[in-house]
Structure formats: structure tokens, C-alpha cells
Amino acid sequence: MDEELSALLGGGIGRWADWLVNRILDHGQPTLDVIAAVVDGFGGAIDGALLGAPPWALGAVVTAAALWRVGKGFALFTLLSLAAIFAMGLWEPMASTLGLVLSSTLLSLLLGVPLGIWMARSRWADGVGATLLDFMQTMPAFVYLIPAVMFFGLGRVPGIIATVIFAMPPAVRLTALGIRQVPVELVEAGRAFGCREHQLLLKVQLPNALPSIMAGVNQTMMMALSMIVVASMIGAGGLGNVVLQGIQRLDIGLGVESGLSVVLLAIMLDRITQSFGKNAPQGGKR
Amino acid sequence: MTMILPSDAAFSSADAAQTRPDARVVEARSTVRLEVRNLCKIFADDPRPALALLKAGADKAEVLRRLNVNVGVVDASFDIRAGEIFVIMGLSGSGKSTMIRLLNRLIEPSGGDIRLDGRNLTALSKGELVEVLRRDMSMVFQSFALLPNRNALDNAAFGLEIAGVGKAERRAAALRALDKVGLSAYADRFPRELSGGMQQRVGLARALAKNPTIMLMDEAFSALDPLIRADMQDELLRLQREQARTIVFISHDAEEAMRIADRIAVMEDGRIVQIGTPAEIIRSPADEYVRAFFRGVDASRLLRARDLARCDDRVVLLDEEADPAPALRRLAERGVGYGYIRGHDGRFLGVLSRESGTLVSGLEPARGDDSLHGLLRRVASAPCPLPVVDGDGRFLGALSRAALLETLDRGGPRHG
């Protein structure tokens, strides 16, 4: 009886998801094509720029960013890391991964920050959004790959889309949190001086939420990096591909080299994006 | 020597008490700017059950107990006149912070009217309200509420920026405002680089920059240490002398209220229990709560001679006349020892002693603006209640030892 019931229910949910995906495939193809074209164009442009640039130029830009945002020591670390990646012959996959991370992070922010603003300002959006985000964050990351492949085939586009879904929640949550944490008297000051809603948002709430939003950007980027490696399973390319090759051939050297490259890239991105959160205006003495 | 004739003309004692003409403009004060009628705030989606209970005589605590609903302000009615500093005071939880936020609708009223120059603010749409806020009102906050990502200049320019004033113009206005509060040298500093007192000066500059006619000040100086607080109070009074604005000032500090207020409203549990000038409230508190509130206040430094000068039937006024005999007869009839002589132009001339039949010598009248503190010795040594005159030498009343001691005795019960 129990088994029957659970089979019925479980099968029901599974069947329902099946049906939904099929409906989308049958009727939503034009929409899917538009999404695919946009994501592909976006990802392709960033990818192309990073891969097209000579390694020394890209290396110089990243090192300069490290020097500007963090400091001399970290700039040296960045330079050495990039040199090591280059020496291991993993420059191209690294640049490709960086491109994928940047494009999925940008897309995540493009969607996530407005969503976070909406959640901060509407109780209804907050309720629905919080549930949705819980869902997005707890669902095993691999599960996103299935519909992504079904809707968009193999390659860069489903990789980016799965990554966006996986990496967006911190951007949304930390934007909403940052706005809600703006001291009540600052918001009152805005209103008392005659702010309209958009002025309140742009001149009072967002600037004061910036440290929190930047923390969200950092989190999103780190999650995007971890997911984009997984997404190599559906042909997203980049360092993840090399890791996958290492696993398939049981090639320890290749596995370590590619894994190390991911770690070095992660450290560089983390430190540089973190610095934006730290240097953003902090609340003064209050 | 001038002689005198008895006169029945007595000044109404109210005259002396109610007008406190400082250097400020008196006439402007007579027009009402803000008219508040039956203002209520109930923190509930549906305020009606709570309002019904309150109407039936329940108090804030009872409404909270029976309906679990918080009462902010109950049935407040008062007028705020142009150019006056109107202090609303009360303990925390008395509803004063809610009250000031109702005036600019940071909190939406549950009932009642707020009229600004006759226009009902409670009936305005959001858009219309924004226009009124931009043009007429500004606010100063206890926690300063400066934007941490802007320097002092851009903080001061905030109100003008919101109103769409061009960059050059608003910066010039902001710089003038910073200059008024003595901070023009700090225009490029960020709030975190400024001390508390300086931050609040920026807050004041922000409020002044758009040249509002009404300023709402919510415990504006409460977060500052006592010396800086006194500084800021002086600053406010000085700014007020330069240009009289209508100021609503929230405070829980009785000394502060006494110092800056033209009139004070005392709130308790969401209701206004008394409205009056500082002197009126000190002299005749409406109830034990109000009395307790002002108990610690050093009345001798706050009150002025005019506040206590009495012109009741114990003070016999005599007109300037050639023959002292009728005057002395009149003093005998009234059973008082001294009579105060006024000239035909109302100027005070001297005090006639019934005992000696001559003027009391060496008696210098007190000026209406003299603080009681400076008069203690003179009142003590004068043979008769000390005459008090205004700036033109006109007689305002007499200051008796009994009245003085009664007023300075802050602890005990007193007559109203």
C-alpha cells in the first residue's frame, strides 16, 4: 500500500515534470531559441575577447587588477599563478573557463539584482522568491543539467544557463538583505526630503546596500566557477573538460594540473571581487 | 516730588506671562502654520476597534492588553504658529516620535487632520505630498541619518538634489548652509570622518539648505554629549534669530525644552496632557506627571522676572498725582504696605511706602528679561516685592519673595 502510494505520488511528480518539459519543448521552441541566441551571443563575445587576446595582455590586465584592488604581494601571486597555468599548457581552457564564469556571473547579476530589489520591497515577492531560492540552492547541481540539455542541447549555452540558475541565489539574497539592512532613519531621511520611490532606491538604498551586494557578486562568481566545471559534462568546455579528461583516462598528472588551475583561478577571482565589497563605502560612525 | 492718585486700572496678569518677546519677531508668530486636529495613530490594519475602546475611555495599556494593538497618538489637537519653536516632550513610548512622523506622513495617520497653511496634508496624494515635503519641510534626526557614501557638501545638498536643482546651484546652496553651521571648511569630509556634533551640524545644514519654512527635529541633539548639546541649542537659537522658521522639536530633556521652546506640549501615553509656554508649565503643571517631568529643572535659570511678576489685587497701582494723601488712603483700605506708581505713559516711577508716606529709596526695578537666578539677592533685600519693568520702563508687575520661593521649591506641592 505504502509502496503503491509512494509510487503513485513520486511517479506523479516525475510524470508531471516530464509532461512540463515536453510541453515546453513542443510549444516553447521559439522562446528557447531566442534565449539560446542571447546567451550564446553574450557568452561568445566574452569568450572570444578572452581567447582572442594574447596571453600576455590578459595576464597583464588580471595582474593590474590584482595590484590595484589588493596589493603588490597578491599581484605577484597572480602573475606567478598565470605563468604556471601557461606553463602547464592550460591557458586556453583557463581563458575559456574565465569567459564562462564572467558571462554567467554577469547574467546572474542582471537577473538577480533586480529580483533582490523586488524582494526587498514587496512582501509577496519576498515570500515567493525565498521559496524559489531555497529550491534553487538545495536542488543538486547536476539536476539542472538535464533540462538544460533537453532545452538547449550540448555546449556552452546549456552550461551557462545551468550555471546561472545555480549561481544566482546569493546575488538575489544579498541584494535583498543589503537593502533591508539600510538603517531605517536613512530611508526616513530620504522620504522626509521628498524622495520618490526610484530616488529612494538609487540615492539611498542601493548605495548603502553596495557592500552586501558586492559580497553577493563574490559569492555568485565562486559558485559560477564551481558549477562551470561541473557543466563541462554537457560540453561547456574550459578547465572542466580537462578535469573530465583526467578522470576518464585516470591521468593523475592531468587531473592535478587542471584542478590546480581551477583553484588558482578561484583564488584570483575571489580576492579581486572581495576587494570591491571591502572598499565600497562603509557605514560611517553612527 | 511727584504725587499720586489711586487707580483701579490693573494689568491682567496674563499679559505678563504669555508674551515673551525676545529679539524675535512677535507678529509673525500669531499666524498658525500647522493646525493639528484629532490626530490619531493606531498601529493596526483596522484602527476602528482600538479607536472605539479609546473613545470609551480606555488608555494605551488597556488597548494593548485587550486588542494587542499599539497606540501611537490619541486625539491630538494643537496649533503651531509661524516662527515658533514648538517642543513636544514626553518619556520614551509617549508617542512623541510617532507624532513628529505623522506631521510629514512618514507614518500615515489613522485619523484626524493636519493642515499646513490651511491645506489638509492628510488628504494629499503621494505625489502632492512629495511636492510639499520638497518645498516646505525638512527633518533632522537623532542618529543624524547622513548618507555615508556622500561627503558633507553632497549630504547638505541632498534635499535640493532630490528636488531636481542643478548641480552648481545646489552645491552653492549647500555650501552656504554649511557655512551657517560653521562647517564650510569640512565640505569634502565624509560623515565617518566627523565627530557626532559635526555630523549633526551637517544634518542641520542639510535641513537648512533648501530653505524650508518648517523644520521637524526628532531628538536632534539627544545623541550628543552635554556640552556639544548646549552648543547646538545655542546654534539653533541663533539661526532662529537670523530667520524665524517654524520648528517642531521632539525632546525628552526638560532642560532642553525649557531652553529652546516658545511653547511646549507634554505627551503621556499617546495623549497631549498640557500645552503652554515653559513658564506656564513650570508655574502650573497640569498633573503629577508633568510636575515630575520638570522637577529637576533649575527654574531660577530658566524663568525670567516677567514670568513671575504679578499684577493681582495684592499689587496696588497708583497714578502719577500731585497729592499723596488719596494714594496712602487707598493703600490703607487695601491693607497693603506699598503702592506702585505709574506715569501717564505707563512708565514705572517708584514705590510708595504707606508707613513712611514717601517713595522707597534706592530701589532699582528688575528688567522683565532678567533671569530669576540673578535677582535672588535683590528680591531678598528689597523691602517690598520687586517691581519689574519691560525694555521701555513700563511696569509689568511685582516679584514677591513668596512667589519666588514657591517657584524655586520644585519638589513640594503647589497651588496652580
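Using the three backbone atoms N, Cα and C, a Cβ is placed for every residue, glycine included.
Just so you know, TrEMBL annotations never went through curation; they're auto-generated.
Marked as transmembrane segment by TrEMBL: A:48-67 (among others).
Feature annotation from TrEMBL assigns transmembrane segment to A:74-91 (among others).
Marked as domain 'ABC transmembrane type-1' by TrEMBL: A:94-273.
Non-local neighbours of the transmembrane segment (A:97-120) in the same chain are 39, 42-43, 46-51, 126, 129-130, 156, 159-160, 163-164, 167-180, 201, 205-206, 213, 216-217, 220-221, 224-225, 227-229, 231, 236-240, 262, 265, 269; each lies 6+ residues outside the stretch with a CB under 8 Å from one of its CB atoms. Annotated transmembrane segment per TrEMBL: A:97-120 (among others), in sequence order.
Sequence-distant contacts of the transmembrane segment (A:141-168) (same chain, at least 6 residues past either end, Cβ-Cβ under 8 Å): 21, 24-25, 32, 35-36, 39-40, 43-44, 47, 100, 103-105, 107-108, 111-112, 115, 220-221, 223-224, 227-228, 230-237. Here TrEMBL flags A:141-168 (among others) as transmembrane segment.
Residues or ranges marked as transmembrane segment in TrEMBL: A:221-243 (among others).
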Query raised in the report: Apart from its near flanks, which chain residues at least 6 from the ends of the transmembrane segment (A:74-91) lie with a Cβ under 8 angstroms of it?
Result: 55, 59, 62-64, 66-67, 239, 242, 257-258, 260-261, 264-265, 267-268, 271
